[in-house]
Amino acid sequence: MKFVLLFGVLLVTLFSYSSAEMLDDFDQADEDELLSLIEKEEARKDCIPKHHECTSNKHGCCRGHLFKYKCQCTTVVTQSGEGTERCFCGTPPHHKAAELVVGFGKKIFG
């Protein structure tokens, strides 16, 4: 009887140790996931929203619903005849078409 009791205590101890190791692994995975989410959130805060100027940072546009906005540039001619480049973050026409098709597909198929 003492042997069974000793074996049971040993088994419970090993089980609690192994479950503690597994919980530590899960906690580490949760921390890694949280850090990556925080980094993505910081990157989002630094991005340039839609319709805002991106002349100085052409690769810093935010993400839209499906695609990242693209920096679209035009040349603006002033009354004095000088041409300056002005850029803004926007959705290119082919991305608009793809978003329209996806939205239409979601309405039809659910």
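Along the chain as shown, the residues are counted starting at 1.
Keep in mind that glycine also has a Cβ here, set from the backbone N, Cα and C atoms.
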Recorded disulfide partner - CYS89, candidates CYS47, CYS61, source Swiss-Prot: CYS61
Member of CYS47, CYS87 annotated by Swiss-Prot as disulfide partner of CYS62: CYS47
According to Swiss-Prot, the disulfide-paired cysteine of CYS73 among CYS71, CYS87: CYS87
Of the disulfide-bonded residues listed as CYS47, CYS54, CYS87, the one whose CA lies nearest the CA of CYS61 (disulfide bond): CYS47
Length of the line joining the Cα atoms of CYS89 (disulfide bond) and CYS73 (disulfide bond), in Å: 9
